[in-house]
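Single-structure report; data block below.
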């Protein structure tokens, strides 16, 4: 028993202070909503510094309204067992002028939701993104402005719109949301109201208003009453919550490193890693129920009461020994405690090593290791890096080494030691990856590592000892094409007009190589000016294969979800969820437009509906024979109107709403080479 008490003494610092409990007198109810700890109404009634756990109850409302302090979202339910909360969110909408046929926006209301820094994330299992109305494109972006997901609803006669179907062609479409999503900013855009040439395909039975919203997947049922709505309405959204950040630890394995913040208080509780993002949740062990976040919160049968009594007796004995220790504990007891401490550290180290090995195998490390020899014999320099090597190369992910941030993660400048001197590389640290991606990761690495093209950024290796693999690329010093077209606020010199067609041709050849020369074909999936880098000679190099996909054997049957970027996304992909080579063609056409016009691909604050999208505004300009007017003046002067007209014709073909009508990347590359030759001839005349 004495040894048991000593162990309790050792564990005592690992228990959180009693102050973490909810003080007496705190409200447990707001209207019909029960508020369990770690949530609380008002100051000092919740866990920690808030981060979503502090709630406010407005009793002046009827019924009383419960909201998240600092975030303002109305809470209608909280579950400890499933670690979920349900909140209300207004549907975003855009209403159009149907009487004049202009498609002018009469009213637009967009309702974002930001959960950054809180305990909440959107539930990828129980919430989905829905759009109602047609013909419309609805999507949402994250806090960085990067596209997350979206869908397109087109119009059929109302008798074809079946209740509950919501399949995209019936005035309603839906899309799944990814793991780890903390912010949501919706956009609703007309798709075709001012493009009459598309005829009945998109314009049949069009609606006056279009809506987009995140919603509880089990709550939403599409009915005809939704189709012609014109007013505001709110829907329930399911959020996952967990103990996250601010010293709480990212997982059960690491939380005990700062155990004063450990949230699982009940003796009959167990720690579980969050299934959505970092953090952990607490559950009562089998046979018990109640609140695992408070002392004695998990209740069971008489045996459980006996166990709880035993723990209480142990606590008293531990307190006695602590008092003795304060007065002067014997060296023997001190040595026992020290031995237990070192045993604890050793156990933690073994856990970390086991976790690294598990991630390594989960990410396909064994398969990659088997093929490293054959890759080396064929001249491919590809390496599997350890997590320690990556940390050392990036200065433990020093913020000063950040090259760029995107919707999928952060890219760092790294320095790797070598026999011939150090090598500067770019290291991409992704945020999240779904299970399907991880299963195919090793196969994709084997293919991508063998890409050998002067206009494609070389993949040098990867790190598999982490939950989401990190990628190591060659370092390209001059930054992105986006900076050279649009500037970066640092006096970046614009790309000369004569160089723009060259960069376009090099990029097109790189994509054509990926589509036709690689086996199987490689689809990029996120072609944009920010993903085309320029080296010291201003040679174009297509980058960011974190979004790339290997083409399936049967493209027509396999749907691939991609995180692309607003302004570049293939509208056909939004309708079919099928990524094809022609999706890259559409996106590249937008890049070509950026080079020719100097305008950005997407401007959400554009004065007119079509002005938000460079692709849409260009199509409208061509219809009105005004395409020369929106070209960059210097580009038009140097290339000449004949080349500009031919380039516009190529872009229009690439922007066709039907993928089959677009040219291949090989045809695009060849056409741009001919335009370059023609431009050079004009310049010498």
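Cβ coordinates are placed from backbone N, Cα and C, and glycine is handled just like the others.
As given in TrEMBL:
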SIGNAL    1-20  signal peptide
TRANSMEM  325-347  transmembrane segment
DOMAIN    397-675  domain 'Protein kinase'
BINDING   428  ATP binding site
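Taking all protein chains in view, 22 other C-beta atoms sit within 10 angstroms of the C-beta of the residue listed as 'ATP binding site'. DSSP gives the residue listed as 'ATP binding site' a strand state. For the domain 'Protein kinase' (397-675), the model's pLDDT averages out at 82.
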